[in-house]
Amino acid sequence: MVQLQAESLVPTDFGNFRIMAFSEVDNNWMPHLAIVAENTDFSKPVNVRFHSECITGEVFHSKKCECGQQLDAAMKYMAENTGIIVYLRQEGRNIGIINKLKAYALQEQGFDTVEANLKLGLPADDRDFTVAIEILKKLGIAEVNLLTNNPLKLDAVEKSTVTLNSRIALQMPSTKESKEYLQTKKSYFGHLLEDETETQIKATD
Ligand SMILES: Nc1nc2c(ncn2[C@@H]2O[C@H](COP(=O)(O)OP(=O)(O)OP(=O)(O)O)[C@@H](O)[C@H]2O)c(=O)[nH]1
Ligand SMILES: [Zn+2]
């Protein structure tokens, strides 16, 4: 069971956020983070994004995936509309950065994002969103609008006691480097991605 270990207000380029660190022990170097936009009211349906870590995309601006753009778009959305990002330390769909780089090396040889993980003897996706739900509950959030294209994240909320009020699509335009990756997400994982669109953030229901 994770506990809130520390929290502080942090001004960002997008606006002011309260960053809260959750882990089982207070000396954990990789705590999950809740990044809460100011004026977010937890007693109403809350805009929420579960975001799995991607150091290559978010820090080093890799063009292989759209994770960095999604995180920035989510921060902008939360700053403008209130809400919270649950930043999960699940690098590489939870196989870790070393394995993700091994998978990228296989991708250089022509394997796609799923095949590369499987060739390494690892699951295509090793994530579980239970801890994200746990964090929502600790914050007293009962109802959410989830910013995602990933059906597994929607399932995780639907199977929990947190109510899924709506999905908000978070689709980034593809690039020549990310096109195939996004196509595999759609065909293998069933991501709710429109064929090609200028749409960035859109409420669907
Ligand atoms: N193993 C592996 N992981 C990758 C690869 N490309 C990106 N990732 C990881 O995929 C994860 C993407 O997580 P999210 O941004 O939460 O997105 P998502 O699960 O696709 O769902 P959305 O909510 O629709 O964005 C991150 O942990 C990335 O590090 C890859 O080629 N191989
Ligand atoms: Zn990424």
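Note that Cβ sites are derived from N, Cα and C of the backbone, with glycine treated the same way.
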Field: Listed in TrEMBL for the GTP site shared with ARG49, PHE50, HIS51, SER52, GLU53, GLU91, GLY92, ARG93, THR113, THR148, LYS153, one of GLN70, GLN171
entry: GLN70
Statement: Apart from the site residues CYS54, CYS65, CYS67, the 8 Å Cβ neighbourhood of the Zn(2+) centroid comprises THR56, GLY57, GLU58, SER62, LYS64, GLU66, GLY68, GLN70
Message: Suppose we screen the recorded positions GLU53, CYS65, ARG127 by Cβ distance to ligand 2 with a cut-off under 6 Å; which survive, in sequence order?
response: CYS65
Inter-residue C-alpha distance, GLU53 (GTP binding site) and CYS67 (Zn(2+) binding site) (nearest angstrom): 8
Task: With ARG127 (active site, nucleophile) as the reference Cα, tell me which of the binding-site residues CYS67, ARG93, THR148 is the closest one.
output: ARG93
- prompt: Rounded to the nearest angstrom, how far is the Cα of HIS51 (GTP binding site) from the Cα of CYS67 (Zn(2+) binding site)?
  reply: 8
